Structure formats: structure tokens, C-alpha cells
Amino acid sequence: MSPNWEWKQFCGQNESFQMWNGYSFGQCFVQVAFVAPTHAIFMILSAYYFAVLSLRYTNVIENSSASPCKIWTCFIRYALCVLFIITWIVKLCFMISLKSNFPYNGLVFLAVCVIALLTWMLHCMMTWKLKRNPFYGSRGPLLIFLAYVLLLLSCAMQVYSIVDVHLRKPSALNVVEIITCLQGGLHILFLFSLIPNGKVLQQGEFSIQNGRIERNRLLSDSGIRGYGAVSRPSNDLGVAEDTANCLSKLSFWWVQPLMLKGTKGQLSYSSDLFLLPKRLGTDSIEYKFNCNFRELEEVEDFTADFENCVPDVNFSDISNNVPCNNVRMHNSRKNRGEVTLLKALHKTFGTEYYLLGILKLMSDAIGFAGPLLLNLLVSFMENQTEPMYNGYIYAGSLFISTFIGALLSTQFNYHVQVVGLKLRAAIITTIYRKSLQVNTVSMSGFTTGEVVNFMSTDTDRIVNFCPSFHQFWSLPFQIAVSLFLLHQQVGLAFLAGLGFALLLIPINRWLAIKIGKLSTAMMAQKDGRVKVMNEILAGIRVIKLYAWEDHFAEKIKTLRNAELKSLKGRKYLDAMCVYFWATTPVLIAILTFTTYSLMGHQLTAAKVFTSLALFTMLISPLNAFPWVLNGLMEAWVSVKRVQAFMQLKELNLDGYYTKHSGHERDAMQILQGNFSWGSDEKESTADREPQQDSIQKHSKTLRLTDINISILKGQLVGIVGKVGCGKSSLLNAILAEMHRDGGSIAVASLSHGFGLVSQEAWIQHATMKDNILFGKPFNARKYASVIAACALEEDLKILPAGDCTEIGENGVTLSGGQKARVALARAVYQDKDFYLLDDPLAAVDAHVASHLFFKCILGLLRNKTRLLCTHHTKYLQHADIVIVMEEGRVVNIGHPVDILDQLDLELVQEEVQDKESAGDQSSSVCSTVDGALVQEEEKDTGIVKFHVYQAYWKAVGHCLAPLILISLFLMQGSRNINDWWLSYWISHSHPNVTVDNSSQPPGHSEVQGYSYTTVPSTVNDSVLRYAEDNVSYYLTVYGILAGANSLFTLARAFLFAYGGICAAMTIHKKLLSSILQASVSFFDVTPIGRVVNRFSSDVYCIDDSLPFMMNILLAQFYGVLGTVAITCYGLPWFMVLLVPLTIIYYFIQSYYRQTSREIKRITSVTLSPIYAHFSESITGLTTIRALRECARFKKENEVRLEENQQAQFAGIVAGQWLQIRLQMLGVVMVTGVAFIAVLEHHFQTVDPGLVGLAISYALSITNLLSGVVTAFTETEKQMVSVERGMQYIEDVPSEKQEGILDPPPYWPIQGSLCFEQVYLQYRPGLPYALNGVTFETQPAEKIGIVGRTGSGKSSLFLAMFRMVEISQGQITIDGIGIKHVSLKILRSNLAVIPQDPFLFSGSVRENLDPTQSCSTSELWTVLKRCHVDKAVEKMGGLEAEVEEKGRLFSVGQRQLLCLARALLTRAKILCIDEATASVDAETDRMVQETIRDEFSDNTVLTIAHRINTVLNSDRVMVMNNGKIGEFESPKALLENPHSLFYGLVHGNQTSRGGENAF
């Protein structure tokens, strides 16, 4: 048999594929070797630079002016491009119409025409874009010029060949030859158009680059709070790709400095990485995407940007330095259809992304060269008469095809991932921007956990769309080509295997649909779990005080079990997909070869192993296609989820406020105002169902009706009323946080914003100074006056680092009074015209309240307009107007003289006592000597430690893990033996027994691209019978091996799925237990975002990503071992090549892994600040908007995202650096195997069957090699999540849970409390918070506790509840030492009413009685006694849903619910930490009566809040510097005018201790 190419079809009737015909190059050869490649290169570069010119600096290009010379030069080139297009179209038409009798009628000429036509079309488009681009001359990019020079040379060679032929054999030129010569003339003109170039604008000359420099400065600015992220202000790598040339970009050599730093262990911070290239700048991406999104928005009654409606209002300014030019134009248009996130992404990134399809198409096409060249090479082995040089040509072609394929696939993967990074930046910044623009009503439809998931998991799924979409069209193309080539190999027998594969398509589709549904359900369940986890972490102190850890652990367990149920279903369905994916090639092969043999055909090595290679290429897309669909479906689900959030209606100041047209002295005017917590959106789309649910809940809350208020500039307006009457709602209505149902509201100086001090002080995780400045420039004189006016001077003296002391998340390290005063100082420093003060005096004692009122509210703010909500009615006599509210209405308004006379005079006399309950923690619990609180997040270095893998092994199970490895070994071994048996079959069957293919002429068999002839032989019946028996024998063994492989594969798939689930369950359980049992000090120094990151991103990796990657790793590792074993068995000389390649492979992967794991750690650590900053922003949205600081917070979000994007980008380029090198290793291995086979054939020492087997395996070695390292690195990256989880499981300090003593069943019985020489120290090296405290209470005694900030009041409670273990001494309750009692028993037998009310998501019943131990009547009784029953009834009763943080209740109502919760405990000892601080005086009086009645037989310790409470106590304890200063009855202390208590009650500043008494 001798293969013969069918050149007539390929080159044309009068042509053959001759490189040199004696005097010139052959025309067919010129087309294949020169014309087609040069046009293809020119086309790819034109497409690339068209995308670059389209996507970079669009706003610059549109507004820039080019020189007339450049415009005319580009116009000439554009015209020449059009002429080229016309000539190629004419040439193509002639070829098609005259194909039958035309000399140039081969496929190659048609293909070149099509390629050239596309080339000049793309270059025409690029030239048009080049015209106004200031960064390139008229010549364009250098690579374009060099590529055109190559194209010009190929055209010259083509013209030379035509001219030379006609000179040697004179004849008339045909149309195609004439057009070719004409094109040569056009090329000369085109070359002349490239001579002028003109001035090129340097990148540094443009403002966007200046913006980049500013952003890079921000990245290194230590002033940006890092939330403990790893970042440092130095960078020596510069901007990525900045100096890289073409070769460097192709080989990723420019990444080498990064890899070198990683190898040296110098990658610790995000600043050690490359700066992002200009095209990946977060601010520029956000700007462009935002402009496109706004252009697409529906605009009828709403203008797109707040600047457009209120020119100077800055809190919604999400634009960059350059405004969107087109927003105003589009705002005037009619409804342009519903805007979607997908449309905006398409408009912004579509062109760049879709053009990458050209690279994908070329990569896929060249991938089929491997099987075809394998066919030629094995046929060459089988044919002893074929010339030797053909073998070397085939081997060389194999090298070229694999080399080009490696370059194309690497570049495609890199650029797709870059587009994914752009999508990620656009989505995250857009979500953050949207959250800043949506008011409280709309935002209530989504929990913080959901929105965090939008920024994490949903964004990742949308980014996954990038590779999935190109796979969506690429896989059918691969399938079609594979089927065609299979038909060429085995004829109709391929239908047997195809039929089986087609049967799997509906099965895989069903699996994909089910997996998609389970993924959607799992995401919703994950949202719920993260939401509850957020609530647990926010209220962890209260949970510990009430000993509710078990309840919330059970709640998380229930949610986790639902999530795991979905995960199990998904993983087991994944296992089925893995099973089909692994066994389908074997089953298709046996069906195809069996059918082919039974049809009477002879199997040859060329057919078998070419078919096997094609089966692999066919099965991969067949199995991957359902997953691609699943990825697209998941992306679509996430797009809809994010879209639902993006469709929330934004704040419309122009529509909310009426234009201020009153007297210039008017500060605010509300006429017939009706406000609600509902929504004005009438539609109820499916995407907004969560929002509608929330709206219905809000509809049951308070509404403001018939509000008529007129306030003049500079007035002080007091607002009073009972709890829940609508005071805070009125302030929210002024801020536009509510919906205006009717009436009008006008505010002067709206653009300046408001000075807001909310009832629940919002404090940032920053230094005290940063909190006060809040982005404003530091003015020493102004700052000092604000500190003095807000009574913070004494606090700064006791803080470790003064105003540079870092404050914990949500202000956990400050007392309530300190938080209130810092919030007030922040508002005052902003110097606004209008101040909204929501009861700031309730959080401080009488003297401080007086100081704040006279020095701040009537002092620094005397010329400002002030609205003050307060229960301190004595200060209202200084107000200009007093407003009395009741049930959402203004029931009285007028001068204080008229209004105060109508109020209860007894209430006027009541004052607030000390509120600074947690003050002692501010300087002791959390701060270090230098004031730093939160340290950089833990980040191990070096390789992932062995104990981490060991921990995961244990989590999987000691028995299960080895079984998984054994099943993998058996699966791979049976697969390799199966393929070896095919080789054995071919080598030992009877090649002379041949039956002709009925579909072809006798003696003729055709393979794609060549034919060979067989010599018929005469056979007798006995030989045929022997052949049939022979085939039956081989088929039987082949079937048995295939069945064994199927069973082992099934076992491996399900064992692995089960093992992954077991590990996920175990690690999450341990992690949750560790966090719930952690000491309070851990939460003081650890931001919530950091812990949430463990329970969201890290748990998701452990649940899903890690098992997936580990499965791939082990399968590919065993695959590499099998491949090497088979290749060495077939070609023993390959081992000579294998040794050096193995050494190189080892060093490359080691070099890469050292870098990649550090990048992964930096990536993980830089994620936490994004979440922490976002969560903090969500909590303080009202304050941020009121103070008009949205633009600054948006910039901070961009800076944090940029740091994380740096790490993400570094991971991408490091991965591609590895990929290209491993691809080159694979190229060397494939080329080496091919040349070794040819050499062994030369010496006739090779078996064609084994050669075919070896080369078919070697063809897959490239993917396997890169796959093993990539999978191992990805597994190691995912193992970082286990490592981070284990840090919290093993290293978090835990409370001592168990006790050695079981107290009596009803302990404590008497309620006697005794402190004996108690010393408490929060941390070694810090002063004692309790210094030798000794006292004893009598049963049922009522103790009032007073003292200044840091005196040790709250430390008494912390010691009693063992929140902090005492250093020395003993605390006993009824004679039993509490250190010997388990924490659960101790805390559950004590009752506490904390200062900060804590409510969690769930029903009112669940919030009151989580353990379900009380009856409904008992619950209603206690609610009535706490005077909150009406509010609960209005909400819908005990089963009414309490939203996140109880936001549907006022702060006072939340405190009353917490009081009701304490009353239900019936504990013998009650600790009250200012339970009624935010309620009015009348309600407080009734509540105090309830406490006295309900706890008459109980011991009550109260950190005093009102004078009457202290005066009614049996004894008063005055704390001073951690010691008991006084401990007597109130009567005795008041009789002593020098006592601390006397000075406190009578306000005597000259009494002993002076103002330090409090």
C-alpha cells in the first residue's frame, strides 16, 4: 500500500503540490506556505488592534483632533483597502463560476480568497479606527507594519511565479492572474501610504494616564484603610506588559520578574505584584461600563445622574473625573426598552470578546492536524515501500501543528481571562455604586449576605460566561469535524459509536438541567446561611451572654443541611457525568470497532489509533457541551439575580424634593407631607419579588401623615414623643430615605447635605481621627474646637494612642457614649448648614449631656439649623420650636413655653445618668500600646503545609480516602490495558484476510487526504472461520476489559463525590464550632468581613471547587503515569528523551507553584477588605449619603478592588507563563516520539500497532502535562481555603466551656453574689481593668453601679459572665465558684439586658424565646408589661417576621423587646446595662415599675441610667479606676456632700473627684 495525495481536489486540475518545479515555486505551494499564513497573521493583528482601538480611550478618541496629514493618509489607505476587498471578491466569483474548466479551481485557492477577503475587511475597519487615535501614527502599530511587509513579500513571490511561468511558456493571462498582478500594483501604492507617520502622543501626556498615576498613588496610600489586608507602598515590577514586545507577549517572558520574586519568597503584599495595565484599570472600566449602562437605561421621569437634577449633590456622583458625555443626550429620549446587565456588558466588552472567537476557531482547526498526521505516520510505518523522507515530513508537520496550536490556545485563554477580569471589575463596582444610590426602602429587599454574594459567587459565575460562550459554538464545530474524519476512517461503522454518544446527549442535558436547578437552590440556601452568619457575628456578644450558641449552631446546621442536600444531589449528578465522560470513549471505541470488524473490514493500526484520537476529540466536546450549557445557565441565573438588584429604583432627589422657592430664610418646609416605608413602584415583576415581599413587611410599619412643618435657618427645633411615635422616621423622611406618598418637602442648601447623627451611631473601622475627619482636610484649630465641644478630650487621654487609636468594627471597642460623641464630632467637623440629631444625648450622662448641649449644639452649631430628637425635655426650653409627635402625626407644634407646660412636669426633671457602659473596653480590651487594633490577616507562606492535606484527608475519612485512590488506579490501569489490547489485536491478527469496503471500488481504500491500494488475496473457508473465531476472541477480551473499566470508573466517581461531601460537612462543622466557642477578644480584633469570607468564599471552595479540582488532578496524574508507561513500552528509546524532560518539567512546575500559591494567598487576603468595606458601607449608607461622601467611598471601593484585581491578574499571567512552557514541553515530547518512531522504522525495529498506541497517547501528553501542573496548582490554591479554615479551627482562642462542678438544679436559689480580690486584665502588659475588687450582695438586693468611662463598670459584668477570665481572685454565686461551672450553665442561669439591642432574622416569638420554652400567653403577658405589645400586634403578632437587625422596629422598641426577653428567663440575678436608654421618660418609668414588680425577689445589678433608678436601689457602687470607690446606700451617700455620688446627683463639679466621678 502506498499513500497518494489527491492533489486535483486540493490544488486544482492542472496543479500538484510541488515546492519547486525546477525554476520557480509551485503555485499551490506558494498559496499554502506563503499567501495563506501571511494573510492570516495580518488578519489576526488587524482584528486585535481594531479591538484595542475600539475599546481603549474611546472618550479620548472621540474628543481628539488628528492632523490633516494623518487623516488624508488614513483615508487613502482606507480607499486602498476597499479596492483590495473588491479585487478579492471578483477573484472569488470567477473561481466559483468557472470552477469546472478553470485552472485555479482547487480548494486551496478558494480558501485563500476567503481568508484574504476577511483580512482586508478587518484591516479596513482598523484603519478607520486608527484615523483619530492620538497614540498611534498613521502607519499604525509596529506589528501591523511588520505583518504587512511579510504579506507584501508573499504577494511579490506570487506575482513572480506567474510572470516566470508565462515568460517560460508564453500564453495569455487569465482573469485571476490579471487580478493578482493588479493587486501587486495596489500593494505598491499601499506601501507608499505607510511612509508618513506623524507625531505620536505619549501615554503620559493624557489625563487618563494621570488618573492611572493617581490610582497607583492611592494603591500605595497608607491613608486608605486596609481592614488588615496585605499591602505595602512599594513596587518594583512596574506596569504589566509595559515594555513587552511581541515575542515576549507570545512567550509570556515579561512575566519572568514576577516568577523570580515568587521563587525568592518576595511575594507578600499586593504591591509586590505588577500594576495593572491601562486597559484593566478599575476606574476606567467602571467609567466606561457605567456610561454604557446609563445610555441603555429607561429614562422617563428619572434623570440618570444626581448631578443632572441637583447640580452640586455629590452623594450619588459615581462618575470619574470626566463626565459621561452621552448621558444627558439619552436622558431626553423616550423609553428605549428595558435595560439589562447583559446588554450593558455586551455593549462595553462585546467587540473585544467576540473577536477572540477567531483565535478559538484557528486553535480548534489546527487541533485536527494531530489525528490526520498520526494517520499518515502510522500508515507510513505499515508501508515498507514509502520513501523515508515522508516520515520526517510527517514528524516535522506534527511539530509545526502542535507548536502553532500551543501558541493559539495560550493566547486565547489569556485574553478570555483578561476580558473576565474586566467583567468582574465592572460588575463589582456597579453593584457598589448601585448600593450607594438606593434608598433604605428599596435596599431592604436584599440582605447584606445576598449583596455580598452578588459581589462574590454571582460575579464569578458571570465571569465564567467568558470561556463558556466560545465553547458553546466551538464544541459543535469540533464534533462536526470529528464525525466527518471518523467517517473517512471507518465508514458507516462510526454510526454505532455515534448513536451511543447521541443517546448520552439527552441524559447529559437532563443532568445539566438538574444540576442547574440544584445550583440555584444551593445559592439561595447559601445566601440564607451567610445572612444568618452575618447576624451571629454582629451579635456574638449577646449570643454568648444568653448562652445561645447551641440554638444558633442548630439554626446554621439546619440551613447547612439544606445546602448540603442540594450539594449532595449536585455532586452525585456530577459523578454520573464524570462516569459518562470517562467511560464513553471506551464504549464508543468498542462499539465502533466491533461493528467495523463484523462488517468484514480489517482493522489497521492507522485506522484504530487515528479513530481513537478522533474519539477523544469527539467525546470531550460531547461531554463538555452539557457543562457549557450548565455554565451558561448558571451565568444567566446570576445575571438575573444581579439584574434584580440593578433594577431597584434609585434615589431621585429631583422628584422627591420640591424646588426651594420660599423665603431665603426658610431652611425646610413640609406641607401636607405623607411618608411611608413602602415603595412607589407599581409594577411587580418576577425579578423584584424579594423587594415586594419586603415592601409588604414595611407596609405594616409606621407611616407619617399630614406633616406640616416650617423651619427657619438657624433655628433649634426639638422633637419629642413616645417610643415608636415617628421621630426617627421624620428625620429619615427629610433625608429622602422614605417614600413620599403625598405633599411636598423643600430643603435649602440641599447640595451641601446634612450633618446627621443617627440614633445608632455608625462608626468606621479606622482611627478616631479618621472617623472625625471623614475625608475632610485636617484643620488643627477646627479639630481641637470640635474635640472640646464634643467632650472627647478626656477620652483621648485614656486611649493608648490618643486620636490615632484604631476603633474596632462597628465601634465595638468604644462605649455607647463614646460612639455617640464621635459620631457627633464627625457631623460637626463636616460643617454642614442643616443638622439632624437623633437623640445623641441619650447615650451620655447628665454632665456630658449638658456639656454637649451648651458647648456643641448651642455653641459650635449655634448658627446652624438643628433638628434635635430627644427625651431630655429640660433642654427643650432653649429650643426655638418644639414638635410633639404621636403615632406618625404632629400633634402639637409651637414655642417651648407653650408646649412644655402641657408635658408631664415630673418627666422634665428626670435626667440620664451614666451611659458609658463599655468604656473600659476602649482602652483595655482591644487596643495595643501603639493604638493598632486589627492586625494584617493571617497568611502562611511557602508551600501549603502537610498538616493541611492531612486535615483534609482526615475530613474525607481514613478508610474512604485510600479507597478513592485505589479505584482511580484500577480505572486508569484497566483503561491502559484496554488500549494495549487493541494494539495487540492489530499486531497479532491476520492482515492478509481482507474484505473490500462495499462502498468503494475493489482494492481501494480512502483516508482523508490520501489513498492506498491493497492487493486482493484468495482465502478459503477455513481461514475465514479462523478469522471469525480470532475476531470473536479479541472482541470478548476487549469487552471484558471495557466492562471492568466501566465498573472501576463508576466506583471512583461516586466514592470521590461522597468523600468531598464528607470533608465539606466535617470542616464546616469544626469551623462553626470554633467560631461560636471563640473568646470575645477574638471578635474585638477580627473584622466581620474576614470571618464571613471563611464562611462564604472559603466554604464554597471546600464544598465545590476543591473536590472538583482534586478529582481532575488525580485523574490527570494517573493519566500521565499511564501515558508515560504506554509510550515507553511502545517506544523504549523514548525514555532517553523522558529523563531530561522530566527534570525540566519538575523545575518548571516547582518554579511556578512557589509563585502561584503566594498569589492565591494574596488574592484571598485582599478579598476580605472588599467585603468588609462593603458591609461597613451598607450599614452606614444613610450617614454616607447625608454627608455627601458617596464619591469618596466609591473610590475606596475601587482601590480595594484594584488591589484584588492585581492579584487576580498576577494569577492569570503566571498560569499562562506555565501553560506556554508546558505546551512547549508537550511539543518536544510529541515531536520526539514521532522522530523516534521514524528512526526505528528506518531500522525496522518497530511494531506499527505499538507506534500508533504510543503516538496517540503522546498527542494527549501536552494537555495532560499542563493539566497536572495546573490542576495541582489550582488544588493547592483551593487548599489555601482549607488552610484558612484550619487557622480558625486550630488557632482561634477558645473559651473554657466545660466545668468541673455541677451546681444544684435550681441554682442560684438566693442570688447572692460575692467578689473576692478580683483582678481582671484583658491582655498581658495592659493595666488591670478590675484591681482587687471585693464586695458581696445580699439575696434580692438591688445594686446601682455608676462610674466614669474606663472605671470598670462593664468589666464587672464581663467577669461575672466569664466573657473575660479573671487573673486572680474568686467570684461566687450562692457560694459556688463560677470558674468551676460550665459556661452554658452559668450564662443560662443569669439574665442580662445589653446596652445595644440585638434582634435577628426570624419571628418575634423566636427572638423572645429561642428555646421555645414559654407559652403564647406568657409571651403576650411579658410584651404587655414591657409596653411593646401594640407594636408587635401592628407588625402581625408573634409570628411576624423580624428582619435583619430588627430594622422594622425603632431602637427604643428593640430595647423593650430585649427587656421582655430578659423577663422570660426568670433568672435569680439580673444585670441591666441601660435597658431603656432610647425610650421616653414615661415609658421608662413604667418599665422600671415592671422591673421592680417582676424582680422583687431577685438580685438586680444596674449600670445606672436615670436618677430615680439609682435612688431606688438598696446600695450604690461607685467604680473608680478599677476599684470600688464607694459602696453604700443612696441615702448615706447623699448625706455626705463630699461623696462622689453626691457630686454626681447634684452636679457639683468641685466635689471630691470632680468630673472624674463619672
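From the backbone N, Cα and C atoms, a Cβ is placed for every residue, glycine too.
Predicted automatically and left uncurated, TrEMBL annotations should be read as such.
Pulled from TrEMBL:
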type	residues	note
TRANSMEM	29-55	transmembrane segment
TRANSMEM	75-98	transmembrane segment
TRANSMEM	104-122	transmembrane segment
TRANSMEM	175-195	transmembrane segment
DOMAIN	355-634	domain 'ABC transmembrane type-1'
TRANSMEM	392-414	transmembrane segment
TRANSMEM	578-599	transmembrane segment
TRANSMEM	611-632	transmembrane segment
DOMAIN	689-912	domain 'ABC transporter'
TRANSMEM	951-971	transmembrane segment
DOMAIN	963-1277	domain 'ABC transmembrane type-1'
TRANSMEM	1033-1059	transmembrane segment
TRANSMEM	1115-1148	transmembrane segment
TRANSMEM	1224-1243	transmembrane segment
TRANSMEM	1249-1272	transmembrane segment
DOMAIN	1313-1546	domain 'ABC transporter'
#### Entry: Selected stretch (most C-beta pairs under 8 A with the transmembrane segment (1224-1243)) from 392-414, 951-971, 1033-1059
392-414
### Task
Establish whether the number of Cβ pairs under 8 Å between the transmembrane segment (175-195) and the transmembrane segment (1033-1059) reaches at least three, counting only pairs separated by 6 or more residues.
no
### Message
Give the nonlocal contacts of the transmembrane segment (1115-1148) in its own chain as ranges (CB under 8 Å, at least six residues past its ends).
### Response
582, 968-969, 971-973, 975-976, 979-980, 983, 1218, 1221-1222, 1225, 1228-1229, 1232-1233, 1236-1237, 1239-1240, 1246-1247, 1250-1251, 1253-1254, 1257-1258, 1260-1261, 1264-1265, 1267-1269, 1271-1272
### Query
Should the transmembrane segment (75-98) and the transmembrane segment (104-122) be scored as in contact, given a threshold of at least 3 Cβ pairs under 8 Å and pairs 6 or more apart?
yes
### Summary
Over the domain 'ABC transporter' (689-912) the mean pLDDT stands at 81
### Summary
For the transmembrane segment (1249-1272), the distant same-chain contacts (Cβ-Cβ under 8 Å, at least six residues beyond its ends) come to 370-371, 374, 377-378, 381, 402, 406, 605-606, 608-610, 612-613, 616, 979-980, 982-984, 986-987, 1109, 1112-1113, 1116-1117, 1119-1120, 1122-1123, 1126-1127, 1129-1131, 1134, 1145, 1148-1149, 1152-1153, 1215, 1218-1219, 1222-1223, 1225-1227, 1229-1230, 1233-1234, 1237, 1240-1241
